[in-house]
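Okay, so here's the structure we're looking at.
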Amino acid sequence: MAVSTRVATKQEVPESRRAFRNLFNCFYALGMQAPDGSRPTTSSTWQRIYACFSVVMYVWQLLLVPTFFVISYRYMGGMEITQVLTSAQVAIDAVILPAKIVALAWNLPLLRRAEHHLAALDARCREQEEFQLILDAVRFCNYLVWFYQICYAIYSSSTFVCAFLLGQPPYALYLPGLDWQRSQMQFCIQAWIEFLIMNWTCLHQASDDVYAVIYLYVVRIQVQLLARRVEKLGTDDSGQVEIYPDERRQEEHCAELQRCIVDHQTMLQLLDCISPVISRTIFVQFLITAAIMGTTMINIFIFANTNTKIASIIYLLAVTLQTAPCCYQATSLMLDNERLALAIFQCQWLGQSARFRKMLLYYLHRAQQPITLTAMKLFPINLATYFSIAKFSFSLYTLIKGMNLGERFNRTN
C-alpha cells in the first residue's frame, strides 16, 4: 500500500509566524511591543508599567546614548587616535540607530499584519514535505536571532577586554561625574557602564538588523512552496500525469490553478506589508555603511595595535551582518520568483481545457513581473548594491592611506 503524504489533522499544520517568536521576544525586552498573551496585554496595571518601561527605553536609546557619544568628543584631547577611531566607528552606528528604531517601531503593525497573510498561505499546505519545509524555516529563523545577538555580543565583549588590556575605557564616553583618568576605581566603573550600554545597544542593533532577513526568508519559503504546487498542476494525488483528463478532473485542475493564483496575490500582499518597513530601515543602513567600513579599515590597517585590530575586525564582520544577509535574501527572492515563472512552464498544461490555459497565461504574465525591493525607491536592495558600498568604502580607505596620515601622525607625536 502506498504511503500517502497527505496530512488530514489540523493540529499538525505548522505556522510560519512562529519564525518570529524570538524576534518579538527581543522587541518585548526592548520595550517596543508586548506580544499577545503577555502580562501587559492582559492586565491594565502591567500595561501601564510596560508603557513606562517603554518610555524609559526609548529616551535612553534615542536621546541619551547618542548624546553620550557626541559630547565625548569635546573631551578627546587625552585620547589616543586608536581610541578615537574605535569610538567613532561605533558612534556613527549609535547616532543613526534612533532613525532605524523609530522607523521599525512605527511600522510594527505592518509586520504584525503580515502574519494574517502568512496564515492564509500556511493553510494551503497539505503534504508532509511542505510542513517540514516550514518547520525548518521556523527553526532557522529563531536560531538566526540568537546568532545575530551572539555575534554582536562577541564584539562588545572583545572591546571590553581590550579596554582593560590597554588601560583605557572602550569608547571613552562622556558620563557625568566620572573621570576615568583620575583613579583605577573610576576607570573600572566607566568601563563596566560602557560595556552595559554597548550590550543594550547591540541588542537593539541586532534586532533591527535581523528582522528583514527573517521576513524575506519566510517569504522565500512561501514562494518555493507555491512553485512546488504550480509544478504539480495537471497531475493526480499520486503525482501521475493526466494528459487528457475527463471533464470533472479538468474542473478540479482549474480550481487548483485558481487557488494558486490567489496564493500568488496573497504573497504579493504579504510583500506589500513588509517591503515599506525594510525599505526605510535598510536605507538608513546603506547611508552609513560605507563610512563605518571605511573608518574601521583605517583603524585596522593604519593606526590600531594588535588588541584593537582584533576588536575592529570583529566589528567589521558585525557591520557586514547589518546589510549583506538582507541583500542576499532580497537577491534570492528575485531568483525564487523567476523559478516560479519557470514552474508554470513545467506544469502539465497539455490536454487541459481552454479555460485552464487562459488562466495559466494570465498567471504567467503576473509571475514574470520581477520582485524588486528598493531602499526608499533610490537603491535596489540586492548584492550588487552591497558590493558597490563595499567598493566605495575600500576606495575611501585607499584614499586616506595614500595621504600617509599614519606616518604624519606618528611624526607629530
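Every residue gets a Cβ built from N, Cα and C, even glycine.
Under the heading topological domain 'Cytoplasmic', Swiss-Prot lists 1-50, 111-144, 208-281, 331-369. Feature annotation from Swiss-Prot assigns transmembrane segment to 51-71, 90-110, 145-165, 187-207, 282-302, 310-330, 370-390. For 72-89, 166-186, 303-309, 391-413, the entry in Swiss-Prot reads topological domain 'Extracellular'. The N-linked glycosylation site annotation in Swiss-Prot covers ASN410.
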Query - Secondary structure tally of the topological domain 'Cytoplasmic' (331-369) (DSSP, helix then strand then coil) - result: 30 helix, 0 strand, 9 coil
Query raised in the report: So which of 90-110, 145-165, 310-330, 370-390 has the most C-beta pairs under 8 Å when paired with the transmembrane segment (187-207)?
Result: 145-165
Requested in this report: Go through 90-110, 145-165, 310-330, 370-390 and flag the stretch with the largest number of C-beta pairs under 8 Å relative to the transmembrane segment (282-302).
Outcome: 310-330
